[in-house]
Amino acid sequence: MEAPSFAYSASSSSLLSLRKTPPSSLRLSRFSNTKHRNFSVRASSSGDSVVTLLDYGAGNVRSVRNAIRFLGFEIKDVQTPQDILNASRLVFPGVGAFAAAMEVLSKTGMDEALCSYIEKDRPFLGICLGLQLLFESSEENGPVKGLGLIPGTVGRFDSSNGFRVPHIGWNALQITKDSGILDDVGNHHVYFVHSYRAMPVYDNNEWISSTCDYGDKFIASIRRGNVHAVQFHPEKNVGLSILRRFLNPKSNMTKKPGEGKASKLAKRVIACLDVRANDKGDLVVTKGDQYDVREHTNENEVRNLGKPVDLAGQYYKDGADEVSFLNITGFRDFPLGDLPMLQVLRYTSENVFVPLTVGGGIRDFTDSTGRYYSSLEVASEYFRSGADKISIGSDAVYAAEEYLRTGVKTGKTSLEQISRVYGNQAVVVSIDPRRVYVKDPNDVQLKTVRVSNPGPNGEEYAWYQCTVNGGREGRPIGAYELAKAVEELGAGEILLNCIDCDGQGKGFDVDLIKLISDAVSIPVIASSGAGAPAHFSEVFNKTNASAALAAGIFHRKEVPIQSVKEHLLKAGIEVRL
């Protein structure tokens, strides 16, 4: 595990102890700047190559660490409030839920040190939640008070206007004033992943350096003096230039002419790597046909399409908007014991600066000694190893079934636990359904759809039965019912597979994807069946999918990622270049 950033976050137990409802001391009331402790301030002796990082113990901070090191800087972790005030430059990559972050900052005294540091106009860069916490309050699990340095309340996106919440993906900026650090990104897409945002009002106008349109115009970045903060993630792709300009403002970099044509949220093209141990125990990328990953030979060996870290790096260079790892070995024993998969994440995140999602076996466990591990502990280790999002499969099906049976949210399911601490934008639910044809929709009590291609006996309707354990076991719940339930339980995104289409190369199951993307207000990723660039434009034109994922055609180099994006551009669909 990454070395602890300061004593309070020395282990995941600091986050596990956080309550859903913040204590009364964090309830809404503007932070009083007159209550700051009288910390001493002295110049840092660490040198110009050192960056002080405030890591309060949640989310994927490893990607920020890797980006800083990639740019040639060293990192000094905050251990005490005094370390904040001794910093020559401070980066605060806030990830997760507002209330959980404020509770940690308050208990450790970091809140007062932060305010003191920023009020003295010291070099500061807040990222994502690190921007939101600067405002007076947030509606997330609240109202909860923030640091109170910028006027305004952080509220949830409005999904009633048809926009998906969370706001996930590569969107465009509208730069409102010279901010220095944004010089290279004005015409390019930058990466957002959040459900809450701060809105421009008269009282905070002097702070705003850029905005973004997503249903409403919200604050994308702020700047006053040496204080900067961004809602998006500058450690991702073109955003690295923002980190570079902040960390080295005296460099001789000149403003580059804009080459991008970003105007709105782009549709995402995602490369998926199914990872499992082969018969020799080595982790390999494989690809199945309807979930069968073994070669049809006498040896019946696991299909080997390459090494996970190498392929992920290649897809990043090829222009993939995200990389998704699915560990289909299944963690038959204990997920935290699967050190090779954790290493895959760590090594990949060192040089791949797009979002990483990992799935497989994220659920509650009791090991052979009787030691219990919650799904939150398991997910926390994956976040600390470089994952931006985690994907839950079978465990989400069981949770949804119980919720639909009782109508009660227990707060104990993996979905609820993880989304409460890290935010629902960090939780993906992977649904693995297969078609069940029926002649009459009244034959079943589950949601059916009229299919484009009739069934083997001429059936015009089908429902989609969810499966668990890698598609080996069917469950009495449909994909429609599951999707609705997991959205309520805290999922922020749905990865929608289709066993019937997997590996067939005949296109996505548009009937299924339209059914689910119309039913939920969270983003849906189309998966299974892509065989040509035209399949991507078809699914984007005919459904409300926010992204489309492929595996085999990329692994076998049948269709390059750039060919997909060039096709989408010609079809009038915005993509990240």
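Cβ coordinates come from backbone N, Cα and C, glycine included.
Long-range Cβ contacts of Cys128 (active site, for GATase activity) within its own chain (separation 6+, distance under 8 Å): Pro93, Gly94, Val95, Val193, His194, Val230, Gln231, Phe232, His233. Under the heading active site, for GATase activity, TrEMBL lists Cys128 (among others).
In the shown protein chains, 26 other C-beta atoms lie within 10 A of the C-beta of His233 (active site, for GATase activity). Per TrEMBL, active site, for GATase activity is recorded for His233 (among others).
Taken from TrEMBL, the feature active site, for GATase activity applies to Glu235 (among others). For Glu235 (active site, for GATase activity), the same-chain residues that are 6 or more apart in sequence and have a Cβ closer than 8 Å to its Cβ are Ser63, Val64, Asn66, Ala67, Pro93, Ile127, Leu243, Phe353.
The feature active site is assigned by TrEMBL to Asp274 (among others).
Neighbour count (other Cβ atoms within 10 Å of the Cβ, all protein chains): 26 for Asp432 (active site). Feature annotation from TrEMBL assigns active site to Asp432 (among others).
Annotation source TrEMBL lists L-glutamine binding site at Cys128.
The 10 Å shell around the Cβ of Asn497 (substrate binding site) contains 28 further Cβ atoms across the protein chains shown. The substrate binding site feature in TrEMBL is assigned to Gly361, Asn497.
Mean model confidence of the domain 'Glutamine amidotransferase' (53-239) amounts to 94 (pLDDT, 0 to 100 scale). The domain 'Glutamine amidotransferase' annotation in TrEMBL covers 53-239.
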Query raised in the report: Asp274 (active site) to Gly361 (substrate binding site): how many Å between their Cα atoms?
Result: 14
